[in-house]
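K.L.:
Here it is: the structure, laid out below.
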């Protein structure tokens with residue numbers, strides 16, 4: 001690695017190089033290396049800014065950071081100013097004034113230990129000069145010069161020189177710029193793509209981004225789902241105009257969902273080119289909706305603006321970039337012609353659209369969330385962690401965390417949300433906020449398949465048949481999720497009772513379900529809940545006399561004392577012998593008849609989802625319920641909660657699951673999930689209370 005003592009010599013070379021009035025960039029004008037490593041040729045690496053050094057420095061982030069801070073300013077900047085509108089890092093304005101903090105004694109000692117570079121090694125010196133020449137050649141490459149002009153023009157565009165009004169890129173707009181810019185680099189400079197990727201990193205503030213991640217911009221297709229009125233078309237017009245005016249031999253296509261949109265973009269591009277650049281170089285053909293920008297001594301660049309109504313208008317064309325505006329609303333008959341450009345080696349399709357959940361036909365882009373490549377980019381004002389809070393609170397209009405912000409030109413408040421949703425329920429979440437989670441309510445991304453739910457509903461087991469009953473286990477598993485409230489709008493007590501196939505424990509049958517609410521808030525809540533459980537078990541045992549024992553888990557997360565009381569009452573009153581899951585007291589050796597729900601809930605949900613999708617979970621034809629049966633089929637009541645299951649990603653990469661809805665809690669679902677978990681895992685120990 002580099003020694004600290006070498007920094008003085010490097011800084012001196014940089015100072016001399018930066019002060020030279022040379023057409024070369026930065027320290028590439030230096031002919032003398034600062035360091036000369038004379039080891040084996042296979043172990044050394046010629047660095048154009050430093051010298052010949054050990055090859056291990058190729059993986060040294062410190063060297064990269066050193067050259068970034070003390071090296072020449074990026075060559076694409078006309079002056080020594082940074083590009084804050086791109087997110088670029090601040091410039092080190094006065095590198096020549098940086099003073100090294102080495103004590104004279106230490107400096108003299110290090111100089112004796114580390115002599116000056118040995119310039120007699122002609123082979124190493126030749127390697128260094130070759131690297132300098134190669135670096136200079138890249139900076140003189142015509143494609144590089146065009147790319148530099150594009151970045152400079154984009155900076156001027158955003159600073160207000162073209163539109164007389166400064167602008168700043170939103171994050172998704174910067175993404176569209178990067179996908180367009182870096183893809184053109186990859187097809188126009190195949191041999192030096194990685195080098196140019198590295199050179200332009202600092203222009204966009206991507207210094208910390210690895211080369212592997214930069215290769216994402218080389219994707220053949222990218223999808224952006226953006227809320228309404230966020231500047232989607234504006235940035236596309238800017239990108240197309242600047243590419244035409246600065247890059248030669250680039251063919252661009254633009255497809256809109258409506259003719260008037262394509263006409264407006266066509267006119268705006270012409271206006272930008274004629275007012276900001278040499279209008280004599282602009283040729284317009286309104287019959288074919290094409291704009292050509294002439295480059296002196298080079299091949300011209302063109303753009304074609306088309307609509308999806310003429311699905312054959314883009315057939316036979318060659319595009320390097322194809323922008324599909326409001327892609328969710330493109331006529332499906334035109335999609336084959338658009339997707340055909342995926343086969344073109346040097347073509348990239350960029351889909352940009354607002355979100356619409358009205359029907360599946362206009363939400364097809366959201367399917368790409370399951371793509372192997374990370375194609376989908378979604379802008380939303382509600383993060384996954386707070387999605388449930390947003391559904392439950394009508395006055396909430398954005399995410400309560402501070403990772404997201406609302407642009408100043410967007411108005412969002414509770415009145416707008418209420419009024420918008422009066423026109424069309426859910427319109428505020430999807431059309432205005434870019435929220436795509438509601439798409440899962442359709443058939444776009446189901447956690448549980450529709451055919452599996454239909455089978456659970458229709459194919460119920462006749463457990464009263466002696467032949468079927470003979471195959472069932474003699475144990476009944478009951479899970480109790482108690483809630484100590486009489487508010488029917490809040491959570492209630494969920495109770496589920498299941499058994500399993502004697503030969504296959506993974507084959508589970510639902511025998512009973514309860515969703516119980518207290519009549520009043522008195523001191524006998526534990527008694528009321530326990531009585532409901534005993535009544536359920538008694539009914540099931542009457543119908544299924546082959547059952548011999550009951551294994552119960554009473555959740556104690558809400559109130560441990562009440563959970564123990566519920567278990568004690570059940571143990572005394574149950575018509576069959578009862579055994580309970582016990583939890584050991586941390587401060588003593590005592591064990592309490594209650595179950596503390598921890599991180600097993602996510603695993604239990606995944607197990608149930610798999611069981612429903614594989615039809616290993618069934619319901620009895622005589623599913624018992626003393627609380628649901630009066631108003632609703634208990635199995636359909638359960639299915640309504642299963643349909644609402646949705647995964648919520650956590651920061652550690654795992655998922656949690658919920659089935660809560662605005663007007664319905666998921667108490668019965670949670671009880672069934674845990675009862676199924678107890679019956680299938682067979683790893684919990686059940687003990688009697690008395």
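Each residue, glycine too, has its Cβ placed from N, Cα and C.
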K.L.:
Select from 218-225, 226-233, 234-241 the stretch of residues annotated by Swiss-Prot as motif 'Walker A motif'.
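P.N.:
Based on what Swiss-Prot states, motif 'Walker A motif' spans 226-233.
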K.L.:
According to Swiss-Prot, motif 'Walker B motif' applies to one of these ranges: 315-320, 321-326, 327-332. Which one is it?
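P.N.:
Matching range for motif 'Walker B motif': 321-326.
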K.L.:
Nearest to residue 667 (active site, for nuclease activity) by Cα distance: which of the active-site residues 326, 481, 555 is it?
P.N.:
481
K.L.:
Across all protein chains in the structure, which of the active-site residues 326, 481, 667 has the highest Cβ count within 10 Å?
P.N.:
481
K.L.:
Roughly how many Å lie between the Cα atoms of residue 326 (active site, for ATPase activity) and residue 555 (active site, for nuclease activity), rounded to a whole value?
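P.N.:
On Cα coordinates alone, these residues lie 50 Å apart.
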K.L.:
Within the motif 'Walker A motif' (226-233), how many residues are helix, strand or coil going by DSSP?
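P.N.:
The composition, in the requested order, is 2 helix, 0 strand, 6 coil.
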K.L.:
Can you tell me how far the Cα of residue 481 (active site, for nuclease activity) sits from the Cα of residue 555 (active site, for nuclease activity), in Å?
P.N.:
5
K.L.:
For the motif 'Walker B motif' (321-326), what does DSSP give as the number of helix, strand and coil residues?
P.N.:
0 helix, 5 strand, 1 coil
K.L.:
Including all protein chains displayed, how many Cβ atoms other than that of residue 555 (active site, for nuclease activity) lie within 10 Å of its Cβ?
P.N.:
24
